[in-house]
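**Student:** Here it is, the structure in full.
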């Protein structure tokens with residue numbers, strides 16, 4: 001008899017998350033569990049089928065092999081697919097003997113799992129990142145069920161001792177000449193069975209819920225920084241500790257400033273006359289406009305440093321600088337009078353290029369020499 005597709009068994013799509021797979025399995029396990037269906041062979045078969053599907057689809061390597069090769073990829077009796085290559089021996093023996101010998105434990109119940117860590121991607125403006133602020137974040141998570149207080153059992157009831165392992169969480173099995181232990185297949189190592197599950201969480205002890213957190217973002221954070229909020233992740237299983245929440249920061253590009261560490265860069269346009277004669281211009285900073293003195297004969301591309309006008313370091317008391325690059329703009333949309341004045345000005349420079357434009361004169365002298373050498 002051919003096996004059913006594992007995704008079909010659990011009633012989930014192929015793009016289902018691990019949480020969705022786990023939720024589907026728990027629903028089926030509750031429905032077909034042998035303790036709830038004594039003597040029902042069909043229910044027992046359905047329970048085993050769901051358990052097998054769950055174990056494959058929650059194991060990263062086995063799931064990848066199954067997705068690629070189907071059942072052949074996870075069948076240890078066939079070559080190719082999963083287990084057919086030269087994998088890591090530590091992983092292979094850990095997978096095989098971990099189940100046989102109880103995962104290295106000397107008996108005892110499986111400990112309830114700690115809650116999963118969560119990640120929240122937070123995008124900030126440059127101003128928010130530089131100055132810091134408090135953000136209200138809405139986090140979807142798994143929270144402890146308030147109806148059963150996380151026990152998973154119906155209110156007024158409690159989990160009962162597993163009749164298969166008698167509360168030990170482990171069972172002994174004969175393997176050739178050896179007697180070995182493995183997690184109890186009935187209670188999955190917990191030692192207890194929930195016969196009357198909570199109507200709200202359906203025996204999981206946790207429910208999907210959104211919570212709002214006020215998170216203080218320190219001044220000076222940058223793209224790639226991560227803020228850890230201990231205990232704000234998903235609730236743990238049956239009273240186990242919760243996971244943590246990690247807020248991953250990214251900073252949007254700014255229309256004026258470019259950030260490099262604690263320094264800021266910007267380009268400031270200046271007129272031809274201002275560059276030649278000098279004067280004062282207004283430049284933007286994150287704290288408002290400031291005056292910058294431009295000396296006469298300033299060339300385009302010159303960099304001016306405004307100390308302490310950058311970003312305060314999030315890890316020290318150091319403060320970066322603002323570096324302003326002045327870029328001379330060529331005047332446009334000139335009227336006839338303005339064009340005439342420029343021609344008059346140009347005429348006054350004739351024969352004095354070395355005096356007024358030494359770089360240009362040197363450049364053209366170099367070009368002239370290049371062609372002379374080329375033709376000699």
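From the backbone N, Cα and C atoms, a Cβ is placed for every residue, glycine too.
Model, not experiment: these values are computed from the prediction.
Straight out of Swiss-Prot:
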| type | residues | note |
| --- | --- | --- |
| DOMAIN | 5-70 | domain 'J' |
| ZN_FING | 132-210 | zinc finger |
| REPEAT | 145-152 | repeat 'CXXCXGXG motif' |
| BINDING | 145, 148, 198, 201 | Zn(2+) 1 binding site |
| REPEAT | 162-169 | repeat 'CXXCXGXG motif' |
| BINDING | 162, 165, 184, 187 | Zn(2+) 2 binding site |
| REPEAT | 184-191 | repeat 'CXXCXGXG motif' |
| REPEAT | 198-205 | repeat 'CXXCXGXG motif' |
**Student:** Which one of these stretches, 145-152, 162-169, 198-205, has the most C-beta pairs shorter than 8 Å to the repeat 'CXXCXGXG motif' (184-191)?
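**Tutor:** That would be 162-169.
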**Student:** Give me the CA-CA distance between residue 165 (Zn(2+) 2 binding site) and residue 198 (Zn(2+) 1 binding site), in Å, as a whole number.
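**Tutor:** Rounded to a whole number, the Cα-Cα distance is 23 Å.
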**Student:** Residues of the same chain, at least six outside the repeat 'CXXCXGXG motif' (198-205), with any C-beta under 8 angstroms of its C-beta?
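**Tutor:** Hits for the repeat 'CXXCXGXG motif' (198-205): 23, 26-27, 30, 144-148, 150-155, 235, 237-239.
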**Student:** Looking only at the repeat 'CXXCXGXG motif' (198-205), what is the mean pLDDT?
**Tutor:** 92
**Student:** Give me the CA-CA distance between residue 148 (Zn(2+) 1 binding site) and residue 187 (Zn(2+) 2 binding site), in Å, as a whole number.
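**Tutor:** Spelling it out, the Cα of residue 148 (Zn(2+) 1 binding site) and the Cα of residue 187 (Zn(2+) 2 binding site) are 19 Å apart.
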**Student:** Around the Zn(2+) 2 site recorded as 162, 165, 184, 187, what other same-chain residues have a C-beta within 8 angstroms of the site's C-beta center?
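**Tutor:** Here the non-site neighbours turn out to be 163, 164, 166, 167, 168, 169, 170, 171, 185, 186, 188, 189, 190, 191, 192, 193.
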**Student:** Which state, by DSSP, holds residue 162 (Zn(2+) 2 binding site): helix, strand or coil?
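**Tutor:** In the DSSP reduction, residue 162 (Zn(2+) 2 binding site) maps to coil.
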**Student:** What is the separation, in Å, between the Cα atoms of residue 187 (Zn(2+) 2 binding site) and residue 198 (Zn(2+) 1 binding site)?
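**Tutor:** Residue 198 (Zn(2+) 1 binding site) has its Cα 17 Å from the Cα of residue 187 (Zn(2+) 2 binding site).
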**Student:** Taking 8 Å from the centroid of the Cβ atoms of 145, 148, 198, 201 as the cut-off, which other residues in that chain fall inside it around the Zn(2+) 1 site?
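**Tutor:** Close Cβ neighbours, site residues excluded: 146, 147, 149, 150, 151, 152, 153, 197, 199, 200, 202, 203, 204, 205, 206, 207.
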**Student:** How do the residues of the repeat 'CXXCXGXG motif' (145-152) split into helix, strand and coil according to DSSP?
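**Tutor:** Helix, strand and coil residues of the repeat 'CXXCXGXG motif' (145-152) number 0 helix, 0 strand, 8 coil.
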**Student:** Please list residues from the chain of residue 145 (Zn(2+) 1 binding site) whose Cβ is under 8 angstroms from its Cβ, counting only those at least six apart in sequence.
**Tutor:** 152, 198, 200, 201, 204, 205, 206, 207
**Student:** When DSSP is mapped onto helix/strand/coil, what comes out for residue 201 (Zn(2+) 1 binding site)?
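**Tutor:** Residue 201 (Zn(2+) 1 binding site) sits in coil per DSSP, no helix or strand.
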**Student:** Using Cβ atoms only, which residues of the same chain lie under 8 Å from residue 184 (Zn(2+) 2 binding site) while being at least 6 residues apart in sequence?
**Tutor:** 162, 164, 165, 168, 169, 170, 171, 190, 191
**Student:** Can you break down the zinc finger (132-210) into helix, strand and coil residue counts using DSSP?
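**Tutor:** Helix, strand, coil within the zinc finger (132-210): 0 helix, 35 strand, 44 coil.
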**Student:** Hey, of the binding-site residues listed (187, 201), which one tops the CB count within 10 A?
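**Tutor:** Result for the most crowded candidate: 187.
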